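Have a look at the structure below before the remarks.
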Amino acid sequence: MARRPLVMGNWKLNGSKAFTKELITGLKDELNAVSGCDVAIAPPVMYLAEAEAALVSSDIALGTQNVDLNKQGAFTGDISTEMLKDFGVKYVIIGHSERRQYHHESDEFIAKKFGVLKDAGLVPVLCIGESEAENEAGKTEEVCARQIDAVMNTLGVEAFNGAVIAYEPIWAIGTGKSATPAQAQAVHAFIRGHIAKQSQAVAERVIIQYGGSINDANAAELFTQPDIDGALVGGASLKASAFAVIVKAAAKAKN
């Protein structure tokens, strides 16, 4: 079964009301004639209203960068799945290394978020990946397996049906370093194989994106790899022209 690629922009802590409208207008113009690739953007939650309005009559889906576990009540500062759905959000990034590092989110906590999203009918985009020290120690596969197992051991392999995994080597995020296509493919193949131990069918369907300094210059070569099903894009998603090159490269390589 052919997997439809997904390219998603993670804006991180960037933007303004005007920037949101301007960037989405640019993306709609750039991607107007592109087919064969799903596209999503995850602006800061503050700008979901502007993004939702700007995305009207567009095939670009709306995502966000985090969610909390509680649906409502006395949880100051939290954001619920129901609130996100109110803005038409489809995809939710969880487990990003910046959340793991700066907010001390554990594999177990992230697995709970995964379950909350599945229960709400939203699509989890589960970020996994190793640090530079772990990579140099040959622990890449061990780390990725542990982060996937946190979900599989509590929710079962079927939880990955309709979900997205983003492999983001931490040493490549925002550093300008990127895994080579062969390096990335090897890890993606391992991830798919690890899930296949539980269910071949789920493994064949799950979308596995690459993230980590992916840009308009290296995207096309990465997408030639059979187990790379798209990208979770950071800095390059803040420029319509650069992001569009990545989307077009995915559409061309996978169709």
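Using the three backbone atoms N, Cα and C, a Cβ is placed for every residue, glycine included.
The number of other Cβ atoms within 10 Å of the Cβ belonging to His96 (active site, electrophile), over all protein chains shown, comes to 28. If you look up Swiss-Prot, you'll see His96 marked as active site, electrophile, on the strength of sequence analysis.
Look at Swiss-Prot and you will find Glu168 tagged as active site, proton acceptor. Listed in sequence order, His96, Ser97, Cys127, Ile128, Gly129, Tyr210, Gly211, Gly212, Leu232 are the same-chain residues six or more apart from Glu168 (active site, proton acceptor) with CB atoms under 8 A from its CB.
Its Cβ placed at the centre, Gly234 (substrate binding site) has 22 other Cβ atoms within 10 Å. Summarising the annotation, Swiss-Prot assigns substrate binding site to Asn10, Trp11, Lys12, Gly174, Ser213, Gly234, Gly235.
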Remark   = Counting every protein chain shown, other Cβ atoms within 10 Å of the Cβ of Ser213 (substrate binding site) number 22
Query = Cβ distance under 8 Å to Gly174 (substrate binding site), same chain, sequence separation 6 or more: which residues?
reply = Ser213, Gly234, Gly235
Task = Quick one: give me the count of other CB atoms within 10 A of the CB of Gly235 (substrate binding site).
result = 19
